[in-house]
Amino acid sequence: MNFYFEAAKVLDKLDAKRGSIKGVIASINEKDRKRTAALVIETLKYKPVLNEVISAVRLLKEERKISSNNLALVLVHDLLLANGIQAGDGPVKQAILRHKTRLHGEFTKIKIKRGAKSFAELAQSDDARAASIPRYIRVNTSCWTTEEAVHTFKSRGFELSDPFASSKGFARDEHIPDLLAFNPQTQFSDDPLFKEGKIILQDKASCFPAYILSPPASDESAVIDATAAPGNKTSHLSALMENKGKLFAFERDKKRFSTLRMMLAKARCQNVQPQNADFLATSPADPQYASVTHILLDPSCSGSGIVNRLDHLLETVIPEAENEGDHERLNKLAAFQLTMIKHAMKFPAVDRIVYSTCSIHAVENEHVVRRALKSEEAANGRFKLAAPNDVLPTWRRRGLAEEMDDPADALSLVRCSPGEDATNGFFVSLFVRENAHASQSPKVESRKRGAEEHDNTARPVAKRRKKKKAAKTGSQ
Ligand SMILES: C[S@@+](CC[C@H](N)C(=O)[O-])C[C@H]1O[C@@H](n2cnc3c(N)ncnc32)[C@H](O)[C@@H]1O
């Protein structure tokens, strides 16, 4: 049974984002590494299906001996998809076997529902969702222009056309001006442009927060990225600020802080002051932050929206928290996220605060925003949600109206649905101070207009995907 506990521990680490799959697997005791790794990878492949089966059977509710969802996942995996549980009789094995018939029954139901003839087809239906996300790269405009990047890619044989139609197709994104979309199979991790920091591998939705915050590009600008590592949004902010002014980037975790520093050096961010510090321990009265007008908050979250390639193996897309453990974890995250927003609202000159998550759960999204709007800090600072027109107006999928006190507020919120919007799952909100003096710089405004009026050579990716999947989409 130890083997299963070990595999469950690996899954726990991956859930907590304590390393990449490769890294976490490398840390397993060498003797058991091969066997444990195989079980972990296979379990991850089928994780969404296994989660559905486990929650349909209410396994964790009925069997207290199964101490975590990840332990249930590895055991149910072997029961349903391998040669049974490879362990001597004991209370944990017995707890699973008590539900053997129902587990098999639910599994078969899902297979039939999805029209999958084989196990491989079942796993592929989840892979398909990841495959519908283009390979996005953000041109790092601190190094060169998007026009230069487009020219370079063309000279390498890429052509401006549907990135899904051919391996050489690529398109300019319709919402984010410096973002390019390539075929999902295109690899850039060994590309010299990536190694030199001239391109950043960043999902489209993850470009929304910095773009919506739109800090001005001026020597007087003062901005905070409160939760910065690994630094994709920090380098985006820095590029939007044209490397001018000051960008304070907080990261409390020491290891992640060193990643952040590396990333900032690689992306040639000269206006960033990285701080290995807890944002919550920072005094808003500290004179060095007296002129900060823009804050980006992208705090730790459940990550339930992530469905990207290698990461898609970590996917936890379940409609809402299924068991008590999940509820407790989400509530804790939500409490922390709310504290971060309330703290940001205390900075004296702040006029714009972006709060974002890569979660699909309303608990971490609409509910947190709703509570922030009702807080004393919002009342004292006169913070409200920005008007819908100020929050990526051309993006049609908005917040969940039924989750807000005032349903109209949902129009000010941006949501991305994994598998439907050619992005990961994501959420963005923008708080603004009433009668604020600091707004977006005219340059950022014109950049925005430029993007919204941008005449794409190729039809926009999201629309193209939408057309293909017309039957499935519809709510955007
Ligand atoms: C979702 S990640 C941020 C990703 C980042 N914005 C990017 O796009 O690359 C959240 C980060 O915030 C850090 N963090 C969480 N709480 C923090 C706090 N109170 N102060 C500073 N950093 C914090 C975590 O260690 C983690 O690295």
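Glycine is no exception: its Cβ is also placed from the backbone N, Cα and C atoms.
Curation does not apply to TrEMBL; its annotations are automatic.
What you are looking at is a predicted structure, and each value in this text was computed from that prediction instead of being measured.
The domain 'SAM-dependent MTase RsmB/NOP-type' annotation in TrEMBL covers 125-434. Per TrEMBL, the feature S-adenosyl-L-methionine binding site maps to Glu251, Asp278, Asp298. What TrEMBL records for Cys358 is active site, nucleophile. The region 'Disordered' annotation in TrEMBL covers 437-476. Here TrEMBL flags 444-457 as compositional bias 'Basic and acidic residues'. What TrEMBL lists as compositional bias 'Basic residues' is 461-476.
Distribution of TrEMBL features across the structure.
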residue	record	Cβ contacts under 8 Å, 6 or more apart
Glu251	S-adenosyl-L-methionine binding site	Thr227, Ala228, Ala229, Phe257, Leu260, Pro274, Gln275, Asn276, Ala277
Asp278	S-adenosyl-L-methionine binding site	Phe250, Arg252
Asp298	S-adenosyl-L-methionine binding site	Pro209, Asp225, Ala226, Thr227, Lys233, Val354, Tyr355, Ser356, Thr357
Cys358	active site, nucleophile	Ala205, Ser206, Cys301, Gly303, Ser304, Gly305, Ile306, Asn424, Gly425, Phe426, Phe427
For the S-adenosyl-L-methionine site (Glu251, Asp278, Asp298), what does the 8 A shell look like? I mean other same-chain residues with CB within 8 A of the CB centroid.
Asp225, Ala226, Thr227, Ala228, Ala229, Phe250, Arg252, Asp253, Phe279, Pro299
Rounded mean pLDDT for the residues that make up the domain 'SAM-dependent MTase RsmB/NOP-type' (125-434):
91
Cα-Cα distance, maximum over Glu251, Asp278, Asp298, record's S-adenosyl-L-methionine binders, Å:
14
